[in-house]
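Per TrEMBL, the features are as follows:
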DOMAIN    16-108  domain 'Ig-like'
DOMAIN    116-208  domain 'Ig-like'
DOMAIN    213-298  domain 'Ig-like'
COMPBIAS  306-321  compositional bias 'Pro residues'
REGION    306-342  region 'Disordered'
TRANSMEM  351-371  transmembrane segment
Amino acid sequence: MVLNSYLSSGVSGQYPLVQNVTVTEGGTANMTCRVEYNDNTSLQWSNPAQQTLFFGDKKALRDNRIELVRASWAELTISISDVTLSDEGFYTCSLFTMPVRTAKAYLTVLGVPEKPEINGLTNPAMEGDYITLTCITQGSKPAADLRWFRNEKEVKGAKEVNASGKTFTVWSSLQLHVDRNDDGVAYTCRVDHVALAQAPQQATEVLEVHYAPRVEIIKSNTVPQEGQYLKLECVSRGNPSPDPVLWTKDGGELPDLDRIIVEGRELTFTSLNKTDNGTYRCEASNHLGKNSAEYVLYVYDVPTTLPPSTTPPQHPIPPDPTVQLGTHASDPTVTGSRDPNALGQHGTDHALIGGVVAVVVFVTLCLIIVLGRYLARHKGTYLTNEAKGADDAPDADTAIINAEGNHAHAEEKKEYFI
């Protein structure tokens, strides 16, 4: 920024022109003073202590860091090498006219921050621990800015600034609740400062976390069948590494069979059969704890291909081979329950048959009731006539005769049941 600019032409408008200069500590500052209209009047540079550095091309101060760059009636340029913070301040360019004309340029010296240091890291840290990382840098001017990164992602820390003379000391802290996901993570503290625009300073620490193992069983075949090959891999993640792992079946040792092979973390069945059914367990441990996982193995029958048929099958539908076995899943036939898919397939047929049977039973009951009422009505008429003949006759023969006589008058004496 130009502090003073040219005002007017002619002798009365002769003014020195200067610019402010910014330089990093240890660098070189060039101070230039120009005059557009000069009548052979001398120029002079003075430092903040008002000591003359150069009068024209004549060096006035014995300082090996200060050198003459260019001297003429229109310009006086000097250089100051290996600049220190004490060199900062106003430098004066004087034009010896009557009266003397002056202009001041401010030399700003940037304090370069030191490389940051990270403290508070405990290696190894235990899962669940609380730790505080502290980053510190000194010598910055103006105060530097500290930024934290977890791998490549920025995370926020707490900043504190203290002045120390003309420079600043900056702290930044980062609190962590350590878990297994922090194992191998790089925490970086980076210094941002105007003096480090081209090459920012940073420090990095890699966190090591110890934690108890976690176990998972990975199977090579989703639907194992008789005669097939099957490999179970026990994947255990822990730090320190939980090695070796322990395989068991149904709470006991593995069967001593040639077709069951254990190699490190892998359990291999070269040819499955029904005797292999059971619960297989993999256990891993280190000094921080142990963990296990289970896999329920059910060996399916080899599917057979039947000729096409036009009639529905009369035998139960076999278990659906598309049902996947999980690490803690059990097969329907092992638990004794029916296949829910098979029940759902016959639900509609059972409902239809039940409805037809109910209708047939209802119709049959209606017919029985109607037939019973019909027989009761006719039986009542016969008993009435017979009873009348028996009441009027002294013996059986007379009763029959009386009954026949009564039939002669049947047209006149009829009984009706309503």
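From the backbone N, Cα and C atoms, a Cβ is placed for every residue, glycine too.
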- The DSSP breakdown of the domain 'Ig-like' (116-208) into helix, strand and coil residues is 6 helix, 59 strand, 28 coil
- Task: For the domain 'Ig-like' (16-108), jot down how many residues DSSP puts in helix, in strand and in coil.
- Result: 3 helix, 50 strand, 40 coil
- When DSSP states are grouped into helix, strand and coil, how many residues of the domain 'Ig-like' (213-298) land in each? 3 helix, 49 strand, 34 coil
